[in-house]
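Take a look at the structure below.
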Amino acid sequence: MSSEYAKLVASLSNQDILTKWPEVTPLKKISGIPRSAGSDSSDSDLFDGHDEEQIRLMEELCIVLDYDDKPVGAGTKKLCHIMDNINAGLLHRAFSVFLFNEDGKLLLQQRADEKITFANMWTNTCCSHPLCVPSELGVDSSLEGSKDVNNLTNAVKGAKVAAQRKLEHELGIPFEDAPIENFTYLTRIHYKSPSGDESSKWGEHEIDYILILKTKNDITVNANYNEVRDFKYVSADELKVMFEDDSLVFTPWFKLICQSFLFKWWDNLDNLDQFKDEEIHRLL
């Protein structure tokens with residue numbers, strides 16, 4: 001049975017979302033706008049004590065969605081991650097990369113202390129957001145009147161483009177070590193979580209595209225320490241030991257994915273097709 005929160009999100013029409021959040025730029029008006037909004041000094045108390053580069057990145061434009069993962073428009077990363085907006089039903093698109101080397105070990109990262117949300121937490125290889133631009137929506141031209149943005153194949157294509165970009169940005173993994181054609185899309189996860197305790201001003205509410213990437217052992221990793229505090233390759237057994245260590249904190253989406261899916265995928269890295277689906281798994 002759907003949670004009350006899921007029912008709230010499902011009840012919001014495209015027009016409801018645009019009315020409730022007038023800061024969201026409708027999809028038909030997006031062509032030609034920059035990849036990020038201009039500097040916004042409102043709610044400056046939200047950023048007190050935070051890193052300037054991470055504040056700048058909060059103006060990137062995420063893909064605002066309806067309950068069925070259909071793009072509605074562009075909203076800043078800040079808008080999409082304010083907990084009051086999340087509690088009112090604002091939803092956006094994300095992706096999570098799980099990179100495995102030839103030995104079947106998973107590359108984990110610990111998020112940097114500078115991060116505004118989920119700082120210092122261990123998580124999967126890379127988790128971020130496609131930008132609300134044609135290439136990361138999976139279409140090649142103007143968005144005005146385009147129905148192509150509602151096509152799952154195109155959305156997956158856009159998520160892979162974004163994943164390649166962010167692997168380079170966060171971990172210094174060059175494009176040639178993470179070619180688009182090597183990403184395997186499996187499914188989508190819908191979840192919500194505050195960043196920290198329930199009193200947090202920040203959080204996540206995403207439909208998360210799961211991407212598996214199998215690479216050689218000798219790929220280049222050159223971490224951007226404004227994004228990543230630490231990284232390591234682990235076996236499944238080593239990850240389970242990490243989960244037993246109370247001194248380590250993990251992102252909520254990573255824990256949810258591990259509890260429901262990851263270890264089944266890990267046991268079948270050479271036979272992932274059996275896990276592919278077009279569902280949105282609601283973990284709300």
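Think of each number as a place in line: the chain as shown, counted from 1.
Note: Cβ is positioned from N, Cα and C throughout, glycine not excepted.
Worth saying up front: this structure is predicted, and the values here are computed from it rather than measured.
Here is what Swiss-Prot records for this protein:
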| type | residues | note |
| --- | --- | --- |
| BINDING | K77, R111, K115, S128 | substrate binding site |
| BINDING | H81, H92, E204, E206 | Mg(2+) binding site |
| DOMAIN | 90-256 | domain 'Nudix hydrolase' |
| ACT_SITE | C127 | active site |
| MOTIF | 128-172 | motif 'Nudix box' |
| ACT_SITE | E206 | active site |
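Structure with Swiss-Prot features highlighted.
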residue: K77; record: substrate binding site; Cβ within 10 Å: 22
residue: H81; record: Mg(2+) binding site; Cβ within 10 Å: 25
residue: H92; record: Mg(2+) binding site; Cβ within 10 Å: 27
residue: R111; record: substrate binding site; Cβ within 10 Å: 21
residue: K115; record: substrate binding site; Cβ within 10 Å: 19
residue: C127; record: active site; Cβ within 10 Å: 24
residue: S128; record: substrate binding site; Cβ within 10 Å: 22
residue: E204; record: Mg(2+) binding site; Cβ within 10 Å: 23
residue: E206; record: Mg(2+) binding site; Cβ within 10 Å: 26
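Across the motif 'Nudix box' (128-172), DSSP helix (H, G, I), strand (E, B) and coil residues number 27 helix, 2 strand, 16 coil. Annotation note: K77 (substrate binding site) sits in a helical segment as assigned by DSSP.
Other residues of the chain with a Cβ within 8 Å of the Cβ centroid of K77, R111, K115, S128, the substrate site, are Q54, L57, I116, T117, F118, C127, E227. The separation of H92 (Mg(2+) binding site) from K77 (substrate binding site), Cα to Cα, is 9 Å.
Using CA atoms as reference points, the recorded positions R111, K115, C127, S128 were checked against H92 (Mg(2+) binding site), and the closest is S128. Rounded to a whole value, the Cα-Cα separation of S128 (substrate binding site) and H81 (Mg(2+) binding site) is 12 Å.
Secondary structure from DSSP puts K115 (substrate binding site) in coil. Compute the center of the Cβ atoms of H81, H92, E204, E206, which mark the site for Mg(2+); besides them, the chain residues with Cβ within 8 Å of that center are C62, C80, I86, L91, A94, H129, G203, H205.
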